[in-house]
Amino acid sequence: MIDLRLLREDPDRVRASQRARGEDVGLVDALLSADELRRSSGVRFDELRAEQRSLGKLIPKATPEERTELLKKAEQLKADVKAADAAQDEAAADAKRLLLQLGNIVHEDVPVGGEEDFVVLETHGTIRDFGAEGFEPKDHLELGEALGAIDMERGAKVSGSRFYYLTGVGALLELALVNAAIAQATEAGFVPMLTPALVRPRAMEGTGFLGQAAENVYHLEKDDYYLVGTSEVPLAAYHMDEIIDADKLPLRYAGFSPCFRREAGTYGKDTRGIFRVHQFDKVEMFSYVDPADAEAEHRRLLDWEKQWLTALELPFQVIDVATGDLGSSASRKFDCEAWIPTQGKYRELTSASNCDGFQARRLSVRMREGKKVQPLATLNGTLCAVPRTIVAILENHQLPDGSVRVPEMLRPYLGGREVLEPVAK
């Protein structure tokens, strides 16, 4: 959530942020009114409690005649205090409900617009000219089936659409990618973690994945648990309700977990293959930092993502994601998009988001510097979303005979194998 002081002192900035996101600007004024009511309700309750305490001191000293009148007044005050307490709680709940609907304040440099209004910041690598090489590229599913690496048919038979099996070299390729990603993260100073896939509502809400994003989340209603769509959720909640000494920052974690996404609203998109699926594995970087270091850490996360994609020898571009595509928690987001030859365009492989103090406030994660205690900043960045990375590797490193060259960086994790070859049918 945003800092309420900012809302009170500069509501126009909050309105501008909501407008840039394409969200309801009226929410700002509703929240201002609710916040004022919450504060005035609190003052009213405190005044009545003070009057009640003062009256309580007078009663023992009063004469019999005075005591009767004071006791009547005390009875009325008791009812008034109870009503004021209820009004205070109701006002606080209403203000919190509205506050949780408000997105983070967008960074001033973020391009304004929707999904297609991003700005390309960098391009890396060379896009292959398959025509000049004399063959038509196959898509990742055709390649994966020939390699004995991907089985969509049985995935659909067992679990339905957007499910799959990784088999043989496909399974080995996932394990190689995960181990290589964890190795890079560990070398960069991240603490590796295997995180829970089920979380309580507060963790999901605290990271901003309920509200508008709730339609893409799997909810186990009987137990009131949520399946995570990213290990960002359990990593952000790891230090929930804690105060961290400033001299221990930054704290960096690399989480590996299964991820579950309903993919609501994507009917008809990416229906072939494993680019958009309901379940996948991912290595995620997560940082807790001093707010003053948040922008620099954001660039560091992006640099680690670029290092990873460069090591995989993939052509990619870096984009500054537009305001309408940020998600509620991020103030700014950089995506790395790899070139997918058979689609003829760049597609998202990684995201790096600066959430400032937005998640930390919701989850009550704070830092202590001297006598000062304040929310810290949280940031997250994809290192390896496995299926999409496999898609990019298969398509960009395919050879004319349907085999796939293994990027040099991955070879030690695949027993030295240099080429993945089609299996005999």
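Note that Cβ sites are derived from N, Cα and C of the backbone, with glycine treated the same way.
Residues Thr230, Ser231, Glu232, Glu284 are given by Swiss-Prot as L-serine binders; from Thr126, Thr350, Thr382, Thr389, that same site also lists Thr382.
When Swiss-Prot records Arg261, Arg262, Glu263, Glu348, Leu349, Thr350, Ser351 as binding ATP, the matching candidate from Val277, Val365 it lists for that site is Val277. Calculated from their C-alpha atoms, the gap between Thr230 (L-serine binding site) and Val277 (ATP binding site) amounts to 13 Å.
Neighbour counts were taken at the CB atom with a 10 A radius for the binding-site residues Val277, Leu349; the maximum falls on Leu349. If you measure from the Cα atom of Arg261 (ATP binding site) to that of Ser231 (L-serine binding site), you get 12 Å.
Long-range neighbours of Glu284 (L-serine binding site) (same chain, six or more residues apart, CB within less than 8 Å of its CB): Thr230, Ser231, Glu232, Leu235, Ala254, Gly255, Phe256, Ser257, Asn380, Gly381, Thr382, Leu383.
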